[in-house]
Amino acid sequence: MSTFQAPKGTYDLLPPDSATYLAVREAIAAPLRNSGYGYIETPGFEDVELFARGVGESTDIVTKEMYAFETKGGDRLALRPEGTASVLRAALEANLHKAGNLPVKLWYSGSYYRYERPQKGRYRHFSQVGAEAIGAEDPALDAELIILADQAYRSLGLRNFRILLNSLGDKECRPVYRAALQDFLRGLDLDEDTLRRAEINPLRVLDDKREAVQRQLADAPLLRDHLCDACKAYHEEVRELITAAGVAFEDDPKLVRGLDYYTRTTFEFVHGGLGSQSAVGGGGRYDGLSEMIGGPALPSVGWALGVDRTVLALQAEGVTLDIPAATSVYAVPLGEEARRVLFGVVTELRRAGVAADFSFGGKGLKGAMKNANRSGARFALVAGERDLAEGTAQLKDMESGEQVPVALDAVVSTLRARLA
Ligand code: HAM
């Protein structure tokens, strides 16, 4: 134990559990890579205004949860609380949208920061894998993203998740609905804070988790009944495409997301085993975001899946991923000469693509074999003076216990064959 601990709301990813996190990231990324999405990486911090304008001045993320700071040079920056605004900023800055191949499809994986009240599934430093498809208005693109997230979760073996789907309308129909909702909210018995929210961002009130508020919202007007014809038709097509792909979803007319940039399609992946932080992923269309951050009109859609919560969901379902042992061969030298020879063999094995490790620190046979066991290696390669004199090493199958001598110059080819 040192004098220091991980900061509040954060945790360290350590082996062997960290392998599960890597596997989850990989499983979410795989269908994206397979569907024309290119990898993008952006800085961990951005101009604070990018998030204020993009995510929304009145959102919790911007007003309460941002790690904002001023640099020594006087720049006002913030650790990124989410990825969409950054990815769009980067795409615009590099003129990816002008290369003539829209939509620009990008995926990313990284750390995000929100100063939230920590609890299970809610951290101040967390990890997302996300996808953004920039510059096309096409219901098939919305459907593609939902289908790919579903595919990713299923490939991990998750079953108890649900997809909630809604449309938030566009700049034609949302203002009309907003006004109707505000009228309704003004007539309710709400506290000052909530009334203020109703004036700034009435849709967020629908998301209020308190029982007393929810009860009053039972008869609230729904956006579903106020969608313009274009939004209605768009949404219907998204629903049909997802249904045709065999992906089950639930219409949730009260689904609003915690970020202000959404238009039309919005969705959330929720998992029953996570308690109050049930959203494992979410996303939607953000047709106005580009203009909000000074770009041209670029209708876009995307999602981000939380890696931390996906791992919790796997645990809740009792799913253990089939993660191959990191080490296939563990070399155990007995004596100085064997140490030099086997170290050379391990180097050769690694260069030949065989995952190999070595007993460091001059341990005796017993201690070294214990480590070989712990490493999960399929084979141990043991050599002492007598073996070396005969130009061999002992290859021990850690599963069957069977041990055979192998000529030193045939170790690599033998192991490649036996591991194939
Ligand atoms: P979000 O819903 O804010 O959306 O975050 C997406 C996912 O990140 C959540 O469903 C959750 O799994 C995870 N997450 C968020 N906050 C935390 C936290 N404090 N601790 C642990 N996990 C967390 C976005 O970030 C949008 N950028 C998604 C998007 C992409 N929309 C369009 N494109």
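Glycine too: its Cβ is placed from the backbone N, Cα and C atoms.
Along the domain 'Aminoacyl-transfer RNA synthetases class-II family profile' (1-324), the predicted structure has mean pLDDT 95. The annotation domain 'Aminoacyl-transfer RNA synthetases class-II family profile' is assigned in TrEMBL to 1-324.
Per TrEMBL, L-histidine binding site is recorded for GLU82, GLY83, THR84, ARG114, GLN128, GLU132, ARG257, TYR261, TYR262. When secondary structure is read from DSSP and collapsed to three states, ARG257 (L-histidine binding site) falls in the coil class.
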Among THR84, GLN128, the most crowded of the binding-site residues [Cβ within 10 Å]: THR84
Distance-selected binding-site residues near ligand 1 (C-beta under 6 Å), from GLU82, THR84, GLN128, TYR262: GLU82, THR84, GLN128
Recorded L-histidine binding residues, GLU82, GLY83, THR84, ARG114, GLN128, GLU132, ARG257, TYR261, TYR262 - maximal Cα separation rounded to whole Å: 21
Helix, strand or coil at GLN128 (L-histidine binding site) [DSSP, three-state]: strand
Other CB atoms within 10 A, centred on GLU82 (L-histidine binding site): 20
